[in-house]
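Visitor: Just passing along the structure, written as structure tokens.
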Amino acid sequence: MSQTRGTYDFCIGLVLAMSSSIFIGGSFILKKKGLLRLARKGSMRAGQGGHAYLKEWLWWAGLLSMGAGEVANFAAYAFAPATLVTPLGALSVLVSAILSSFFLNEKLNLHGKIGCLLSILGSTVMVIHAPQEEEVETLDEMSHKLGDPGFVVFATLVVIVSLILICVVGPRHGQTNILVYITICSVIGALSVSCVKGLGIAIKELFAGKPVLKHPLSWILLLSLTVCVSTQINYLNRALDIFNTSIVTPIYYVIFTTSVLTCSAILFKEWQHMAADDIIGTFSGFLTIIVGIFLLHAFKDVNFTLANLPLSLRKDDRAANGTLLSTYDSFNDDEESSACLGEMQSTESLSARRNGSLSAF
């Protein structure tokens, strides 16, 4: 019976996590569209500290979409371990990248498509090898977990780092360094996930008829979650306003997932009883996701499609046959892709260069 219940919870958590990624991925697009409309109107941008986006309905649509995604994500954490729910956030990167190519004119080239595929494969591997967290069924048990010295040290470091980034680094480098605002969102997000997990347990107890509203931890978790989410929304808006969506989304995913996995491992001791193959599989899946996300945004400005492959293969064939590419060969390959340059070269000059003659120059 317990095993059947565990499988049922796993499936519910999986479906909720996937739907959450769809809503959150779409929210990035709606918010970005709203911020772009404000920029065209000449309003003070969010990256400069403005809050004109509060009057933009597209931004609110994005916020509602993100809210729906976070609610689904909230519920997913109540039914499944964080190491299952968090990696599936890569699907939001996929959704955001595809929608960006349609609605924001942000190109998704061959590298980006391969990156999306790798992100999905990596997420699948992580789900298969996900560790099992320690069972926490009551708020008293959650309170004991939160009071663990290891988690207290981790939470203290997160708060200190966040305050330094917000008060010192952000005003100086936030406009030019993409990592500043995203790091703030990500490390605080690790604490918000812990709050969500605790509130999920509280809701389960509430439905079971237990007096959870009288438990001080419930209100502490709710207040902490409100502060964390508000901070994340503020600095994520700034990052989206200043930098390209296809860059913000994947970097945010990588840093956020790393923070959550670290927090979850410390709080729920998920890695203590894992077999060696599961540890290797989990890290391999996560690294695969990182590689996929790197391909997704690092080469976004490279115009490379399947149509370019025949030319590249011809170059490889010549190299494999021992043919050394001369200066002309490199020039000639470029000419095949540029008709204007080819028309400027005469037949005699081309023949002379093929024979290695310098007189043609």
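Numbers run from 1 along the shown chain.
Glycine is treated like the rest: Cβ placed from N, Cα and C.
Below are the features listed in TrEMBL for this protein:
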- 12-30: transmembrane segment (TRANSMEM)
- 57-79: transmembrane segment (TRANSMEM)
- 85-104: transmembrane segment (TRANSMEM)
- 111-130: transmembrane segment (TRANSMEM)
- 150-171: transmembrane segment (TRANSMEM)
- 178-203: transmembrane segment (TRANSMEM)
- 215-235: transmembrane segment (TRANSMEM)
- 247-267: transmembrane segment (TRANSMEM)
- 279-299: transmembrane segment (TRANSMEM)
Visitor: Which listed stretch (85-104, 178-203, 247-267) has the most C-beta pairs under 8 A with the transmembrane segment (279-299)?
Guide: 247-267
Visitor: For the transmembrane segment (12-30), give me same-chain residues lying six or more residues beyond its boundaries with a C-beta closer than 8 angstroms to one of its C-beta atoms, as numbers and ranges.
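Guide: Hits for the transmembrane segment (12-30): 58-59, 61-63, 65-66, 68-70, 72-73, 75-80, 84-85, 88-96, 99-100, 103-104, 127, 240, 245, 248-249.
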Visitor: Using a Cβ cut-off of under 8 Å, list the residues of the same chain at least 6 residues beyond the transmembrane segment (178-203) that approach it.
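Guide: Same-chain contacts beyond the flanks: 73-75, 77-78, 82, 86, 136-139, 142, 146, 155, 158, 161-162, 165-166, 169-170, 212, 215, 217-218, 221-222, 224-225, 228-229, 231-232, 235-236, 238-239, 242-243, 247-248, 251-252, 255-256, 258-260, 262-264, 267.
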